[in-house]
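Undergrad: Checked Swiss-Prot, it gives:
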type	residues	note
BINDING	Gly58, Trp60, Asp78, Asp94, Asp119	S-adenosyl-L-methionine binding site
ACT_SITE	Lys159	active site, proton acceptor
REGION	223-247	region 'Disordered'
REGION	279-298	region 'Disordered'
REGION	496-546	region 'Disordered'
COMPBIAS	496-512	compositional bias 'Basic and acidic residues'
REGION	587-660	region 'Disordered'
REGION	788-821	region 'Disordered'
Amino acid sequence: MGKQQKKHSKGRLDRYYYLAKEKGYRARSSFKIIQINEKYGHFLEKSKVVIDLCAAPGSWCQVASQLCPINSLIIGVDIVPIKPLPNVITFQSDITTEDCRSRLRGHMKTWKADTVLHDGAPNVGLGWVQDAFTQSQLTLQALKLAVENLTAGGTFVTKIFRSRDYNNLMWVFQQLFEKVEATKPPASRNVSAEIFVVCKGFKAPKKLDPRLLDPKEVFEELGGGNESKQNNEAKIFNPEKFSSQRQRQGYQEGDYTLFHTMPIMDFIKQDDPINQLGSLNKFDLPAPKDDDNDDDDHDHEWKILSKLKLCTPELLECIKDLKVLGRKEFKMILKFRKQARDILGIDKDEKEEEEENPKIEVEPLTEEQKIDQELQDLINKQKQKAKRLKKNANELKQKEIIRNQMNMLTDMNIGIEAAQIGADSLFNLKTAEKTGQLDKLAKGKKKMIFNDEELAKDNEIHIDEEEINDNDKDSADELDELENQLDDMYHQYQARKAERDANYRAKQARGDADDEAWNGIEEDNDDVESGKDYEMESESDDDDDEHIRLIAEKKSNGSLSRTARNFFASDSIFNELSDDVILEEIENKTKGSNGKMVESIQEQVANDNNENDDGDNDEEESDFEIVPNQKSDDDDDDESMNSDDDEVSTTTKSTTHQQKVDLATVEAMTLAHQVALGQKNKYDLIDEGINRYSFRDKDNLPDWFIDDEKKHSKLIKPITKEAAIAIKEKQKQLNARPIKKVLEAQSRKKLRALKRLEKIKKKSDLINEDSGKSERDKADEISKLMKKLNKKQKQKPKTTVVVARGSNRGLSGRPKGVKGKYKMVDGVMKNEQRALKRIAKKYKK
């Protein structure tokens, strides 16, 4: 007998066929899953549980058993039996039945699958449309099993055919997985219509709509044939353009013929002529009447219609082949149909039905109804406006929440407080015009000049002093309130800045070292002098009235201004002031000095007390508690001249004071060098402390103004190169110190070494106490223990960098004299690195 040869249909015996034979795979499809696995991140190597649906003959299970980790669970299912495979569980079942689900759950217990594979296909051969739909149904059933058994973030790989259900399946995949891609591996034949879809990142929804996996819902046809209607319209109104394009429509389901006909009378009576003209090939005329047949209505109607003028021989020839007609011929057929329907009365019947059902006329509205309707419209508009405002408010609130979450804490309320106050307090001409006082109001001093006639009529000008005082009080109160609001806003700004900036918090904690200590209150005659100046100005001004000048003098005679009185009244120190205690303190300070000076001070204080008692006794009746001042350094030196203990105490005080000083700035280091080298002494430092910024008046000034002035009211002190180098070296020493984590790690390492040493000591003691061993054996065992203690970790070999120049240029192998790992570098790589940095810097901007 001759040798039987295998058929080479569709190139089945290609190189993958022979490779599968060599590798021992059961089918050439093994290389499909291998190529998919390599393309999509080696997901099989990370899978502990794998399910292979429609696994026969088991080639994909073979690949999974080789690539998956050891002791992985691999389950293969198919409707046909599968020969046993090592490390693979196989059973025979239909994946569309409940039996398959229960058996899968029995094998998996409480586990979830990391990967589900599906390479199944139905028995093909019935028809392409039917085969593709069956494959889509099978894929949906496999997806249903995968959804039940996949873990969150799992992978699903399936085979599908490109058909009209492909997009529906892809939409379902995208609802359940984060990443969905279609691919065709090289091992798949080009003539095959199969493609593979890889779905990664299973979302694992808690609730799943059952319609998402129902074939009736997923593969439901949408549109209702609108596309065919549009195509038919194109065939009728633009047949030349439509006929020039290739139509890849195929056959309709259940209709596998290309030639369609219809009786002419049915075409006339139907309501969709365009669709019929586009889909039919021919209209059949009524057959001649036989003697055996009864009278037919269609024959009678056609006899009437055949006598029309539009029923020409050309028309009868055109209806025999509709596919070759143009726009002119189709219009002729439609005109004939319209005339035929008019003669047969088909359109008249429809008009009569419309006449039987007359249209309902709307009666005009009355005046009251119109008013009610307008009111209702206004109410509806108001509701819509309120709804819109509410929506805008919600949007603003949402934006504010987002701004707070992103730490965009810019104060948007700056100026609102001032606007609320100023809107009522500012002068407005409109309000003055409404009250009729606009003509009486004047601007500046010119309108305050009185004419001689007016003075003759009114010899005495009566001005209510209480009204003037009230106006002054109101304006002063407003100014005080504005100042308080500015102070509050500045404090809020400081609090916000302290929350954001740690350096600012530290600066606030340290305080301002430049601020001088408060040494009490000295009497000042600034207010009196200002009152005198004001008096001189009022006398020199000829335009002012004498009565107004007298009132101004009376107001200026007060000892303190309003702000000063508020300051002294708010401070508890001045409320508790006692003159007797002050006198005692002055006596103690001036003891041993000239007695006349003491007596003069006492007399002066007594006179001041008498004057103040006549004025305001209630404000100064409280007590004042004074803490005695510390003794000066000179007094301490005088008193402790003969005592050694005091000398020791002073030296300890000076040493502690020196320890607190930290030379952290270049200016401080420069000053320390100058003092140490004798370039400056104590008196030079005192002279430098007196400058144009030393005695600047800061009383009654707001904090925000003082803080802003401090930034600029500073002397720039000279520095030296040696001081800068010293500070730099100091910073280097600080930076050289390891961080806290490194110190903790080193201490933990030492602690572990000490623990190991303690263990070795205990073991060595036990070895020494063992009398059954010789001294040599004891020494050997103890030396072995010490070797374990001193054992160091292996260091990784360093990579040697070899420059490709000279003899190494163009070298393909290992350079001479280089051992271990090495890396070849050249000038091109350096230029490339520079270019990459330059590009990154460019796009960073």
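Every residue, even glycine, has its Cβ placed from backbone N, Cα and C.
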Undergrad: What's the CA to CA span in angstrom from Trp60 (S-adenosyl-L-methionine binding site) over to Lys159 (active site, proton acceptor)?
TA: 13
Undergrad: Can you tell me how far the Cα of Asp94 (S-adenosyl-L-methionine binding site) sits from the Cα of Lys159 (active site, proton acceptor), in Å?
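TA: Each residue's Cα considered, Asp94 (S-adenosyl-L-methionine binding site) and Lys159 (active site, proton acceptor) end up 17 Å apart.
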Undergrad: Count the Cβ atoms, other than its own, that fall within 10 Å of the Cβ of Asp119 (S-adenosyl-L-methionine binding site), considering every protein chain shown.
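TA: That number is 22.
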Undergrad: Just checking the binding-site residues Gly58, Asp78, Asp119: which sit within 10 A of Lys159 (active site, proton acceptor), CA to CA?
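TA: Within 10 Å of Lys159 (active site, proton acceptor): Asp119.
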Undergrad: Pairwise over Gly58, Trp60, Asp78, Asp94, Asp119, annotated as binding S-adenosyl-L-methionine, what's the top Cα to Cα distance to the nearest Å?
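TA: Maximum Cα-Cα distance: 18 Å.
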Undergrad: Once the chains shown are all counted, how many other Cβ atoms turn up within 10 Å of the Cβ of Asp94 (S-adenosyl-L-methionine binding site)?
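TA: Taking all protein chains shown, Asp94 (S-adenosyl-L-methionine binding site) has 12 Cβ neighbours within 10 Å.
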Undergrad: Could you tell me which three-state DSSP class Trp60 (S-adenosyl-L-methionine binding site) falls into?
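TA: Trp60 (S-adenosyl-L-methionine binding site) sits in a helix per DSSP.
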Undergrad: Within 10 Å of the Cβ of Trp60 (S-adenosyl-L-methionine binding site), how many other Cβ atoms can be counted across all chains shown?
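TA: There are 29 such Cβ atoms around Trp60 (S-adenosyl-L-methionine binding site).
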Undergrad: Around Gly58 (S-adenosyl-L-methionine binding site), which residues of its chain at least 6 apart sit with Cβ under 8 Å of its Cβ?
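TA: Correct list: Arg26, Asp52, Gly76, Ile82, Lys83, Leu85, Val88, Thr90.
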Undergrad: Check the DSSP secondary structure of Asp78 (S-adenosyl-L-methionine binding site), expressed as helix, strand or coil.
TA: strand
Undergrad: Could you give the number of helix, strand and coil residues in the compositional bias 'Basic and acidic residues' (496-512) as assigned by DSSP?
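TA: Here the numbers are 14 helix, 0 strand, 3 coil.
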Undergrad: What are the sequence-distant neighbours of Asp78 (S-adenosyl-L-methionine binding site), meaning same chain, six or more residues apart, C-beta distance under 8 angstroms?
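TA: The answer is Leu53, Cys54, Ala55, Ala56, Thr90, Gln92, Ser93, Gly120.
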